[in-house]
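Each remark here refers to the structure printed beneath this line.
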Amino acid sequence: MSQRLLPGTTPAQGPRELTLGVMGGGQLGRMFVHAAQTMGYFTAVLDPDALSPAGRVSHHHIQTGYTDPAGLQELAERCVAITTEFENVPAQALAQLAASRPVSPSAAAVGIAQDRAAEKAHFVRCGVPCAPYAVIETQAQLDAVPDNLLPGILKTARMGYDGKGQARVRTRAELQEAWASMQQVPCVLEKMLPLQLECSVIVARGADGQCVHLPVQRNLHRDGILAVTEVYEGNLPPALAQRAQAAAKSIAEGLGYVGVLCVEFFVLDDSHPQAQGLGGLVVNEMAPRPHNSGHYSLDACDISQFELQVRTLAQLPLTPPRQHSAAVMLNLLGDIWPANGVPAWDQVLALPGAHLHLYGKANASKGRKMGHLTFTGASAADVRATALQAAAILGIEAF
Ligand code: ATP
Ligand code: MG
C-alpha cells in the first residue's frame, strides 16, 4: 500500500492541513520547513528554544525538550510523518514517535550515526575504508592502542560537532591527558591522516529503495568548521567523485536508510607515508540529515537537499537532481559580524549570482553559523572570482 502523502486541498474535504514534523529547530529545520511549505504542507517543529530558527517560520512550534512525553505526543498527533534535522536528537525519542507515525530516517540509523564507534563499524561492514582507529572505553583499551595510530585525533564517541569534543594528540602521554580532560567518556582514537582535500556526497533514498544523489561537494574546513563548499565540473577528479558516490550509496543501502544522508570523505595525499595502503579515499563520518555542504543545492540545483528530504518523508517520487549552475558557498559565521551593525550585505549583493541566506539567529557569537552565501554562475572561474570578492568584503580568509 502506498504511503504517499500528497499535499494540498481536496475538493471533497475542503482545506486540510497535512502537517510534516521535524525534531530540532536549527537552520536545517528552517530550510526543511521552507521546502515543505513551498510544496503546500503545513509544518510542526519541536525545539525547546522559543527563538529557534525553524520554530519561528513553522506553522506550529512545540516548545519542549526532545524527550518530553507531552511534546512528543503533540508532535505525533499533529503530524502525518516526522523527520529530524539534528543528529543529537535522542534516538529513543524517534523510536517513540515511530510507534504511531512514519519517521525517517529511522531511530536505528540515527543511533548508528550518533556513535562514532558504531558508525565506523558500519563503514567497515559496507567495505568502505575509514581512518585506522581504536575504540577507547577503558584504560586497558587506551594502553593497548597501537603505535601507528599516533599522531592521532581523539574524538568523543557521542555528541561531537563542528570539531567540538576532539583533541589532537602526538604521544601516549598526550592521549592519556586528553582522555582525562574528556572525563574518560567513550572515545575513538583516529590516526591523523595527510589530507589533500575533503569532500562529501548527499544521497536521498526512498522507502522503495530508490536512491539519488547530488554532485560531489569539495569542502574546506577551518578550525573543524566547514568554511567553503565548491561544486562545479572538475572540482574533483571524476574517478574519485564516482568512487565517493558509490561508497555513499552503499553506506545508505547498508542501513536500509530512508531520507537524506550526507557522507563526508577525506582525499589523501598519496605521496605521504601515513597514507600508504588506504587507497586515496577514506570515509570520515555521516550525518543522517541534510548537511551544511549541501546548502548550495538550494540555488544551484533543480531539486535541493531539503526538497529531497520532503520527498523522502512524504514518499513522493525521487528524480535525479541536476545542477544547473556552478556554485561556491561561503559559511557566514558570527566572527564576521561587526560589533555594532551587520556585515556589508549591500556590497555583497551587488556581485552577480549572490544568494544570501540568514537563519534569523539573534546573537552572532564566534564560530556560530549565522547564515550562508552561495554564488552561482556559468563557470567555476566566474563563481570563484565572485566568491573571493565577497570573502574580501566580509573579512573571510581567501581560499
Ligand atoms: P561536523 O560533524 O561538524 O562535520 P565533527 O565535529 O564531527 O564535525 P570531524 O568531521 O570528525 O568533526 O572532524 C572535523 C575536521 O577535522 C575534519 O573535517 C578534518 O578537517 C579534520 N579531521 C578529522 N579527523 C581527521 C583525521 N583522522 N585526519 C586528519 N584530519 C582530520
Ligand atoms: Mg565532520
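Any Cβ shown, glycine's included, is placed from N, Cα and C.
Where the annotation comes from TrEMBL, it is an automatic prediction and has not been curated.
Since we're looking at a predicted model, the values are computed, not measured.
TrEMBL annotations:
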| type | residues | note |
| --- | --- | --- |
| BINDING | Arg116, Lys155, 160-166, 190-193, Glu198, His221, 284-285 | ATP binding site |
| DOMAIN | 120-314 | domain 'ATP-grasp' |
In the structure shown, with every protein chain counted, which of the binding-site residues Arg116, Lys164 has the densest set of Cβ atoms within 10 angstroms of its Cβ? Arg116
Annotated binding-site residues Arg116, Leu193, Asn284, filtered by Cβ under 6 Å to ligand 1: Leu193, Asn284
Calculate the per-residue pLDDT averaged over the domain 'ATP-grasp' (120-314) and state the result as an integer. 95
Identify, in sequence order, the residues in the chain of Asn284 (ATP binding site) that are 6 or more apart from it along the sequence and have a CB within less than 8 Å of its CB; answer 'none' if there are none. Cys130, Ala131, Glu198, Glu264, Phe265, Phe266
In terms of DSSP three-state secondary structure, what is the assignment for Arg116 (ATP binding site)? helix
Are there any residues at least 6 positions away along the chain from Leu193 (ATP binding site) with a Cβ closer than 8 Å to its Cβ? List them or say none. Ala131, Phe266, Leu268, Gln274, Ala275, Leu278, Val282
Work through the binding-site residues one by one (Tyr161, Glu190) and point out the residue whose CB has the fewest other CB atoms within 10 angstroms. Tyr161
